[in-house]
Each structure stands twice: as C-alpha cells, then as structure tokens.
Amino acid sequence: MEMHFLGGRGRLRQVSRTLQITGWILVAITVLGSCFAPGPTSPVPVRATINSTVELPCNHNTGHEEPLANFRVYWQRNNTVVFTLNDGKRELDGINDTYKERANLLRNFSLSLSAVKVSDEGTYDCYVSKREDVRQSYQSPLHLAVTLMVAAPFSQPDILKERATKGTTVNLTCLSYGGYPKPIVVWYNVTGNATLQPSFVSTSFIQDPETQTYNLSSLLVTEITVPFNVVCSVQSAYFPEKNSTISQLEILPPQTPYPNLTDIIPIVLGIATSLMITVATFIVVKNCSPCSKEKKLKNSYSSPEEQRTDVHLEENNLDTRSLLLLY
C-alpha cells in the first residue's frame, strides 16, 4: 500500500500511464505463457476477477480422434486435489469439497473454475499422463504450473468532508469498498491555485472475513487557505481505468464567537438580584410613605353626620329594649 500527494494533473497522468503499461504487461505475459507452456519453474500467470469463471491452461492437444480413456489427468493446488480424470473418467474421491461443484475439465485438459474467490489464489499444477492403448502403461506425466491471481475492483470513492474557515485545518475522509488486492491511494489538487500539503494522512484497510475483499478509509488533514477541488483516487495495476472522485472545498465566512456560558451566568444572576431588590424596595417605600399614612387616617376618620347617625341608632335600640321590658 502506497500513498502519494500530487499538486497537479501532470503527475497523475504519469501514474495512470504507468499503471496501464503494467496491466498490459501482465496480459502479454499471460498470453505468451499460454502459448509456450513453460515448465514448473515458470508458472503461467492468469488473472481473474471475483465471482467470474476462469480457465487455467494446460494446453495439451488430445486430437479429435484420440480417446480420453488413454489419459490420466490431475489438477492440484499444493496438496489439495482439485480435479482427477482417470482412464477417461472423472473421479470424485479425494476431491476437495471447495472444488467439486466449481471445477470442470475442458477438452485440452485446461481447468475451468467458476465463482472465483480470493481464497482461490495460488499455484495450480496440471499433470497429464498418456498411454497408446489400454493394454499399455502410462508414460511419464507432462507438467504445467499456473499461478492464479484474483482481483476485484474497488467501488467509486466517497469523500466525506468538513467545512472550515480560512487558515484552519479540514478533515477529509475517502471511503471505498469491496476491492482486492490493496490499491494505491492518491490525494491531489486539481484546481491549480493551491498546493496540497497534508499535515496528517492515515489509510487503513479492513478485510471482510467472508469475501476477503478490502474496505479502505483514508484520512487527510490539510490546511485550507483558498477554495479548491480535491480528488481521492483509488488505483490498482489490475484495473488501470480511472477510479476517482472529486470534491470541492469551500471556505466559510468568519463567524462571531458565541459568548461563554460561564461569563453569562453571573451577569444573569446579577440582573435578577438587582430586579428583586428594586421590587422589594418599591413595596417597602410605598407602604411607609406619608401618603399611605394619610390614607390610613382618612379611612379611620368619621364625619359629624356619621357620628350623629350612630347616636340616633343607639337611642332607638335603647327604646326598643325598654318596650320589651314593659311587656
């Protein structure tokens, strides 16, 4: 796994061109290896994508009139038996369960392997023995080794970004899923008015335990001084086509900082206390003022007319009590 940081498009084209050349070289090696069928010290490289069907060449021409009963064919990977043809008949005894339903033999004894998985990677050996007829013994086997390389393209990258003000750092996260093997992760600036100078970069991979493919997360921390477009590119020699995502970084206008709560609370408490003191003072002053005292005296004063009325009522009450005593 490698990480590169480029300041423009020129170097990106150079990296892409190198990856394309590498891919074509792998294809050429595969074709030439299939044609010349090298010995066991030079395995034929074959590349396959996950879930595809691949042909592992053995390249033995049996001829259309030559009976399969005169051949014995073994395909194995290390000590694991993948396919067996004995006296022209397929044998299932001893075949690994992983290959029973996925491996088939073609007419030239090449092996067809379906539903390719990452775990299928490795070197496969083909042994072909021949006899002239059923009454003779088999000759020394011919041997061909094939190296299977499995690959899976990564998903289109997603860039998670933060918005920041001028002169501050911004965190960018590039996410891509379901690829194999580990790729090259490239961050670069395509605007041209800013140089991408990362202050911190961290790329991590998590492998799926079932498919054994990788999910990647690349974190870039960089200072932003002007708006620019940033690209995260996930590149692999097995898939030279462009796989990248562009994202625009914007600068937020300066914001007025919010006051600190520790400063606000004493102010609020002070205002509330002052208000309570003011209200209490107003009530006390109002009750103790001369106007209030005069009002109380006024309420307790009775006019002469009211006093005479009270005396008259009291005399009437005495007369009434006297009459009751007479009776």
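Heads up, the Cβ atoms here are built off N, Cα and C, so glycines get one too.
All TrEMBL annotations are machine predictions without curation.
As written in TrEMBL, here are the features:
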type	residues	note
DOMAIN	40-143	domain 'Ig-like'
DOMAIN	157-247	domain 'Ig-like'
TRANSMEM	264-285	transmembrane segment
Chain residues outside the transmembrane segment (264-285) and at least six past its termini with a C-beta under 8 angstroms from it: none
Secondary structure content of the domain 'Ig-like' (40-143), with strand meaning DSSP E or B: 10 helix, 43 strand, 51 coil
